[in-house]
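Notes follow once the structure below has been shown.
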There are 2 protein chains.
Amino acid sequence: MALVVQKYGGTSVGTVDRIRNVARRVAKTYDDGNDVVVVVSAMSGETNKLVTLANEMCDFPSEREYDVLVATGEQVTISLLSMCLNSMGYKAKSYLGHQIPIITDSTFSKARIEEIGDRNIREDLKNGNIIVVAGFQGVDREGNLTTLGRGGSDTSAVAVAAALKADVCEIYTDVDGVYTTDPRIVTDATKIDKISYDEMLEMASLGAKVLQIRSVEFAKKYGVVVHVRSSFNDNPGTLVTKEDEDMETVLVSGITYNKDEAKISVMGVPDKPGIAARLFTPLTTANITIDMIIQNVSNDGLTDLTFTVPHGDFKKALKAVEETALEIGAAGVRSDENIAKVSIVGVGMRSHSGIASKMFQVLSQEGINIQMISTSEIKVSCIVDAKYTELAVRVLHQAFGLDKKDTRAE
Amino acid sequence: MALVVQKYGGTSVGTVDRIRNVARRVAKTYDDGNDVVVVVSAMSGETNKLVTLANEMCDFPSEREYDVLVATGEQVTISLLSMCLNSMGYKAKSYLGHQIPIITDSTFSKARIEEIGDRNIREDLKNGNIIVVAGFQGVDREGNLTTLGRGGSDTSAVAVAAALKADVCEIYTDVDGVYTTDPRIVTDATKIDKISYDEMLEMASLGAKVLQIRSVEFAKKYGVVVHVRSSFNDNPGTLVTKEDEDMETVLVSGITYNKDEAKISVMGVPDKPGIAARLFTPLTTANITIDMIIQNVSNDGLTDLTFTVPHGDFKKALKAVEETALEIGAAGVRSDENIAKVSIVGVGMRSHSGIASKMFQVLSQEGINIQMISTSEIKVSCIVDAKYTELAVRVLHQAFGLDKKDTRAE
């Protein structure tokens, strides 16, 4: 008998009929002899409705009360799913964040889980109950309701799985698992059977939207085996787990892309200590997330500095940078909104050389100019002209042998 | 400086704009130098929507989960009202039932309040906060959410007022207060300025729907002064308070009626011990509430037994009674669904005689036949043909001097 944590997202519980489907799947897992803890999101659309209501009420809703409001979405789902399981003859019991409790810090709207009580749930499991947990929500040490930010139910599920030392945390979604790249671009994209936490973190932060990044960090920290799979069929999905020797034999596990960035270059910057700080401090103050930063080798005491920011922050960032550029006597500022970041990810890179240069070669063969490069231990990212995004993804996917089935077995 | 508890019902908080109005009224009370605790219901229509959802989910929703579901209605309102007050520059903080805590027994859907913590609220009041409390909900000693039944927010408000020893508990509604009778029937009906707990209990249980009965019982038990008034204007409403000498000078305070009953008579019942129990036990088992019971004096060892039940239970009751009548050898069963109960209520009756006979006389002058009579210390109820309801109410209202203004000063 295993202890299984299952998480169903908003689409999977979007209607009364879909909740009924989820109940059947949960019941089957229970009938197969497992202890089952289910974590659910709000019914799709509900959270948006609540946010609209808050915005109608006032321009800047206070954060504490905002969390009280949006937390009702998951409360509705857990009660409905529990009712349904009860009516099917199962013992099921809903749990709100504060009833478990899921203790978080007091950062409303993006609280971090600090501690999870397992006594209440364990007791109910022992008595044969199926446990239905409200995702996305917690409670701080003063008893205020908190929420974990969009996609927070993934983190709730992994955290509960960690606290209960569950055998597996199944994340049900509307796709079959994590793919080698976006199947909308590459029809030959294949589902990855097994991926390491670190690769998943890179994949998630580079644009694959299957799992909330923080849930993967949590899974890695506590060694929770995460199984990403579809709630619409019984196919096995993708296992996110700790790195093993098999994984290292694969050079590249996936190709990702991100079109949501813009590039800003400051030209002819005097190469003196403290200049970078002066340039970036106003951006940090304005809460703008800077992604890649490239500083060229200095030439005659002058250097060029280029970085990328999210599209949404582009105008604000550009204005701030232009002001600072003037102050520090830079030669000028250039910008480009039509860029894309294309990345290859794989733990195999650590033990294999030549991966990066192969990437550059493949892109160059297609006449794609590389504007910026950034690397980590397990990924290489290139900034290219946005119009080449799909082409770049396709040729890289093919070049690194991801098109074929059973890449892993090579 | 006073401590004021205000309760706003679903209609008063039915839209974002109405919540804004409530916020203004609350803010004014605070600006006048009072400590303010606000208790709110769900936005009108919301609870019904949630109930519909539960019924779509399954036929007999489990009671525990049903309460988890419907409790979200008030949670939405407290967050919106608190946000609004915050955006107006006031310190406001929402409280869910479990955050206060409002401890109840574990009778889901109609839980009774057992205890209220006042420490958290007092602390926040001391720090200048306006407190916004979710009505209708509580938590049992095991931490399960509970609800108090329809209209339960009145009880929440009175109970919180009792716990905090508030100076007054203002119940805001869509009418100006408690009237001498239904103004839709008697246009000359006047608002009652002051009424005793006992009178209010009779008025409430006899059909005046302004206050939940349990809230009046609570107010009486703890001596909470309740002020029923309109949320749409600033007129003084009706004070529900402990009996004083003024009140006794008024013979009749109000006239009520109830058309929601049906009458069943069992004829020729053998007048033996245990017969009444045999007749009524099946009804009690079926959860049918019996209101009036009349047993005539025995004649030749046979008696007639008549009682009333709510319309909704009539068919079920009649079937049960016909079976029992056969078993005990009664002569037959008669029934009438077209009846109404008309009542006069007033603490003045205790010290004045002749009130009941005046009532009978007034009805007889209009040719209205009295089918059953029942009395308590402070009320007389008569069952009459339903078609005479309005006529009976009107003539009684006039006969007991309620038509004129300032009856109280007589």
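Positions of Cβ are set from backbone N, Cα and C atoms, glycine also.
Features as listed in TrEMBL:
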type    : residues                                                                                    : note
BINDING : B:LYS7, B:TYR8, B:GLY9, B:GLY10, B:THR173, B:ASP174, B:TYR179, B:ARG184, B:LYS209, B:VAL210 : ATP binding site
BINDING : B:THR47, B:GLU74                                                                            : substrate binding site
DOMAIN  : B:264-335                                                                                   : domain 'ACT'
DOMAIN  : B:344-410                                                                                   : domain 'ACT'
Quiz item: Tally of helix, strand and coil residues over the domain 'ACT' (B:344-410) according to DSSP?
Solution: 33 helix, 14 strand, 20 coil
Quiz item: Taking only the binding-site residues B:LYS7, B:GLY9, B:TYR179, which one has a CA atom nearest to the CA atom of B:THR47 (substrate binding site)?
Solution: B:GLY9
Practice problem: List the Cα distance (Å, whole number) between B:TYR179 (ATP binding site) and B:GLU74 (substrate binding site). | Solution: 29
Exercise. Please spell out the DSSP helix, strand and coil residue counts for the domain 'ACT' (B:264-335).
Key: 29 helix, 24 strand, 19 coil
Practice problem: To the nearest whole angstrom, state the Cα distance for the pair B:LYS209 (ATP binding site) and B:GLU74 (substrate binding site). | Solution: 21
Quiz item: What same-chain residues, at least 6 away in sequence, bring their CB to under 8 Å of the CB of B:GLU74 (substrate binding site)?
Solution: B:VAL40, B:SER41, B:ALA42, B:ALA134, B:GLY135, B:PHE136, B:GLN137, B:SER153
Self-check item: Distant-in-sequence Cβ neighbours of B:GLY9 (ATP binding site), under 8 Å, six or more positions away
Solution: B:SER41, B:SER44, B:SER153, B:TYR172, B:THR173, B:ASP174, B:SER231
Quiz prompt | Long-range Cβ environment of B:LYS7 (ATP binding site), under 8 Å and at least 6 residues apart | solution = B:VAL38, B:VAL39, B:VAL40, B:SER41, B:GLY135, B:SER153, B:ASP154, B:SER156, B:ALA157, B:CYS169, B:GLU170, B:ILE171, B:TYR172
Self-check item: Residue among binding-site residues B:THR47, B:THR173, B:TYR179, B:LYS209 with least C-beta crowding, 10 angstrom cut-off
Solution: B:LYS209
